Every structure is written in structure tokens, then in C-alpha cells.
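Here's the structure, in C-alpha cells; my notes come after.
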Amino acid sequence: MEALGARGALAGFLRALCVLGCLLGRATAPPSPVIKFPGDVAPKTDKELAVQYLNTFYGCPKDSCNLFVLKDTLKKMQKFFGLPQTGELDQSTIETMRKPRCGNPDVANYNFFPRKPKWDKNQITYRIIGYTPDLDPETVDDAFARAFQVWSNVTPLRFSRIHDGEADIMINFGRWEHGDGYPFDGKDGLLAHAFAPGTGVGGDSHFDDDELWTLGEGQVVRVKYGNADGEYCKFPFLFNGKEYTSCTDTGRSDGFLWCSTTYNFEKDGKYGFCPHEALFTMGGNADGQPCKFPFRFQGTSYSSCTTEGRTDGYRWCGTTEDYDRDKKYGFCPETAMSTIGGNSEGAPCVFPFTFLGNKYESCTSAGRSDGKMWCATSTNYDDDRKWGFCPDQGYSLFLVAAHEFGHAMGLEHSQDPGALMAPIYTYTKNFRLSQDDIKGIQELYGASPDAGTDAGTGPTPTLGPVTPEICTQDIVFDGIAQIRGEIFFFKDRFIWRTVTPGDKPMGPLLVATFWPELPEKIDAVYEAPQEEKAVFFAGNEYWVYSASTLERGYPKPLTSLGLPPDVQRVDAAFNWSKNKKTYIFAGDKFWRYNEVKKKMDPGFPRLIADAWNAIPDHLDAVVDLQGSGHSYFFKGTYYLKLENQSLKSVKVGSIKTDWLGC
């Protein structure tokens, strides 16, 4: 690696990196007290949050949102999100209010802004005024172009970019109050907002630059120089037998951070340098020249990027030694080790660092009540009190932009949780525009002339996925499981949840809200109660979660459980309270798995018909309800109830009637 070349030198460069995924620091450190971090925004109380939320999104007047008005407005909000309409600030309501979302108000279905504004032309122009330092300009340009294409694919609308002058849709990034009277709120919370079609600010779309903008799966790092210039880092990558999940300076003596652009660097040798102000700057007037440290600004010497002289919080530097004389500057790019928020102006993590007398080698949640991962930006937080949040998965600029551009076309928020125009952000890996979105936009502009039309009569064909309705449709669920005391019903990318069978479950909700890494459709699911972990099966792989956190190393192949290679999918699985063993069903066979020994029991597989009384082959799901003494086997729209001790079948019933409260 010493042979890798780099432009210039980086004196005093901090070599520690903030590892993506942010594992806890020293496991041996005792629990730390919760402290107040300087520069941190104190979380709102539930009541403060509710008043602000209902005022912003449901029109409850902030100065007169008293208990009676609050209760009535709260029921409207709960109805919109499919929550129990209690009028109380219960846990599910507060959880919904705290989720990241669009800053526009909520209106049911695919309704439009007041007076249903729309563009009176099909040729729409847009202009990107500013960029986020989180992504390189090419990635931002591509994300916005793909977001517009979401709508042009299903309408006659056509979008073209201009680089000067006034466009129909002006796109920019900003922080807090950014000039339109609708301030953002720092990291998380409000992600973006857009104005309805019209003159002036009509159609304009703004994105909160206190968020970490990615493509939804962690920082997107495009390398410079090396032998893979312009390609993207591949995380994790393998170097000297070790996996790296972020840029590293390992193997170098100059402190420059690098990454491999393929998984196996030792095999492929493809690498580049990660963005850093010593390599290049963005914007400004220096044509991408790197920072020059130290540089002078208003008589003061700076040895790192600064926000001094700016009101927008963006980090910049001089590209000559004297800015006062030369007036040459550029904005500092975000690196794979930059922090977010806090009080360090995006400075990188420094490892190890000392916090309350303990040493941490990586990001930690110590000292915080919200579980957010953070790091110090000096070697000793106790002395310097400088810190920031560690990078997480971030928010998909493409998905958020596609949503906001829907507003810019005239669409309001949808009550359909499967719609792009639903107000709450949920990352979707293989995005498809829903039928609700298509119906809404085509009500305004009509269908795309490029789509084939049927001259005959009959219903309009469904173009996008439709959110299922459990009581009006005969749904065959992909999986059913009791997880942390709640019963979850899975169908495609949706779930419904309830505590008591027979009560109408809450939902539909998106699976990705709870388990974001899962594919759009699962085959089976069960909870391993001994460890309180949820296990999901899809195709020839399985996933293991602790709460909503995917265990390291997953997904894994079914063969690692001890299933034979010819088993390419699982029908159902459950942990039986009678013997604490897990049963896995596929076709007409089943296997028994020992959760303690982590291996299959000998003597399996066996035929279902030989061991289970009246249980059919090719099951859909199995659940052993905690404390009930019964297990339930689901197939199609019916279930069979089995008495655990005697193995007698005691009931056959309708899922819709007995489980869904229809």
C-alpha cells in the first residue's frame, strides 16, 4: 500500500476513522450517566411534541390547542395513520410523531392542495441551485433526474434541467430558517418540503442539509485518483484478511483515507482516495483546488475547515494561504469519518477518545438517553467537550426527492402507507410507484402517451402495487408470528399487528419500518423466545434481528442452519413451548432445530403427515401463542388449532373472522 500515490501532503491529519455501523466502544466500560451535551437540542416532551406536530400538520392552533381541541385533532391524526383513535398520547401515537417525515401537512388519500393547483403545461423545467456536501454533485444530479422520471413514466409530464435563470422548480438545500418562512428542525424530524405548482415559489423543493443524505444504505463515497477514479467505495471490503466498513488509512504512512472499489482488494487491487479537503473542495470560486492550511481569514489563522463568516453552517476553507488577500475559497467535502450535528461543525471522529474517564475505540451511545451513536472530535471529551453524531444509513435523496416532486406536481399526502406520497419516510430498496400514487397523478395530468392503451371497455389495468385490505380481500399471509408479545401478520411489504387475536390489528404498516433490511416478501418468520430474537426466511437465506437491529453477518444461507442444499425456501417455522425446539417446515417435510446447541437434531427431516395430526403439507405459518397451551397452523384463509400436550386438533376456523376481527 505504500506504493499508492496521493497528491500533496496532509500534515496533522487525524488518522482515526468513524466506523459506519457505529459499534459500541469498550464493552467493559460501566454504564454511564445521561448527560447534557453542549450544542445538543433537548428532546421535546410528549405534550410539546404533540402540540407542535398537530399544529404543523393538522392545523391545530398552537395558542389554542387546548385539551379538548387537542383530543379531537389527535383522533384525526390517528385515523390518518391507521392507529387506534383513542385521542390519547399513547405509545404508538408518540412513536409515529417521532418518525422522520416530509414537512408538508397531511391530507387523506391522494387529495391535492387547496384549489387543486397543477401545471398548465407538460414541459417543466428545474434548476439545482445548491448541493449537499454529503454526496458528490454527479450523484445528486442523478438522484434528482431519477426522481423526476418516477412521475414522467406515468404522465405526459417531461422534465428538463436548466443551469441559469428562473426554472419552474428551484431545488436547494438549507438548514433551519432558509428563507421561505418554513424552517427545518435539525437532524431527523422534518426532511424536506415542497410548494404546490404556481408562480414564485410554486414547485420549489427544499431539503434539510442537517440530514445525512445518501442513497438509503449508508454513506455514498465516490473516490478520487488512485486507479479507480470516479468509482464508488465498496463496503465492506477486504484488505489483509480484515473487513473494513469505512474508509481507512491502514497501510499508508501519509494519513490519506482510502477504500477499495471491489470487495477483495488483495485480489483486484482497485482503490481510490476518499473525499477530503486536502484533495479537493466543492463549489466556491477555486475550481476544486484543495484547502491550504493554515490560511488567514479576517486576520485569524485557521488550520482546518471552518464555518466562520457564514450563517448557513457550511464548512469552508481558503485555497491559498491568505484568503483576505486572494479571496479564493471552496466548501469542504464530507468524508466517511465526518460527524453530523453536535458542536464540532462536521469535524471527524478521533479514536480513541476519553469520556467520563473511560476510553472508547469507536462510536458509542454512552451518556445519551436516545441511543444515538456519537463520538468525540478530540482525544478527550472531558477536557474539550467537542462531539458529533456518527454517520448512519442516512436518508435516500432519490426517495425523498421523488416524494417532494410529487408535491411540486400538485399531490398532497396519501393515507395509503404503501404510497410514495405517504408522509413518513421509509427506505424501500426496490422502489415501485404504487397504484395510489399513479391514480392521484393521472387524475391531474392523465396517463403517459408512451404507455399502451386498450381501446376496449372495462376497468383500467392496475399499473402499480396495491396495498392489501385484510377484511375485503381473501389474503394468504406470507408469515404470522408472535414477536415481543405482539402478533404480526406479513403480506408482501406490509404488516398488521395486534396483541389479542380477534381484535382488528393495527395497519397496514411497512415491514421496513421495523426491519429495514428485509426483502419485500418473506416466506416464514418466528421468534426464538430464549434470546428474544426474530428470525425471518426469504428464498434460500435467513435474517436474525435483535429488536430492529440486524445481527452482524446476516443474511446467511439456509445451509448454515443445517438444512440441505436442495431446500431453496421455507414454508413456515415456529418455536414450540412444549420442548423449546424450533420446527422448520418445507413442502411435506419438517426439521427440528436446537436453539441452545445451534444445530439440527438428528433423525430429521420427517414427513409432516407422520408426526402432526391432521396438519397439511405446504403450510403458510405456524404460531405457538405464549401461555395458551395451543399452536396454530395456517394454510390459505383457514387455520387449525392444536392442543400442545395431546397433539389433538381441536378447531378449524377462519383467519379473517377469528384472528383479524373482520
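Just so it is clear, glycine is given a Cβ too, placed from its N, Cα and C backbone atoms.
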With Swiss-Prot as the source, which of 100-107, 180-187, 380-387 is set down as motif 'Cysteine switch'?
-> 100-107
If you consult Swiss-Prot, the disulfide counterpart of C291 among C259, C274, C317 turns out to be C317
Where does Swiss-Prot put N-linked glycosylation site, among N153, N575?
-> N575
Ca(2+) 4 binding, same site as D478, D523, D571 - Swiss-Prot member from D436, D620, D624 | D620
G200, G202, D204 bind Ca(2+) 2 per Swiss-Prot; candidate in D164, D168, D188, D229 listed for that same site | D168
Say Swiss-Prot lists C102, H403, H407 as binding Zn(2+) 1: which of H163, H413 is in the same site, per that record?
-> H413
The recorded positions listed are H178, H193, G202, H206, N575; by CA-CA distance, the one closest to C102 (Zn(2+) 1 binding site) is H193
Select one residue from H178, H193, H206, H403, H413: among these binding-site residues, choose the one with the most other Cβ atoms within 10 Å of its Cβ.
-> H403
Distance from H407 (Zn(2+) 1 binding site) back to D180 (Zn(2+) 2 binding site), taken between C-alpha atoms, in Å = 16
In whole Å, how far is H206 (Zn(2+) 2 binding site) from G200 (Ca(2+) 2 binding site) when you measure between their Cα atoms?
-> 14
Cα-Cα separation of G202 (Ca(2+) 2 binding site) and H193 (Zn(2+) 2 binding site), in Å?
-> 12
Taking the Cα atoms as reference points, how far is H193 (Zn(2+) 2 binding site) from D168 (Ca(2+) 2 binding site) in Å?
-> 16
For H193 (Zn(2+) 2 binding site), which DSSP three-state class applies?
-> strand
Assigned conformation of G202 (Ca(2+) 2 binding site) - DSSP reduced to three states | coil
Excluding C102, H403, H407, H413, which residues of the same chain place their Cβ within 8 Å of the centroid of the Cβ atoms of the recorded Zn(2+) 1 site?
-> N104, H193, A194, E404, G406, L411, E412, M421, P423
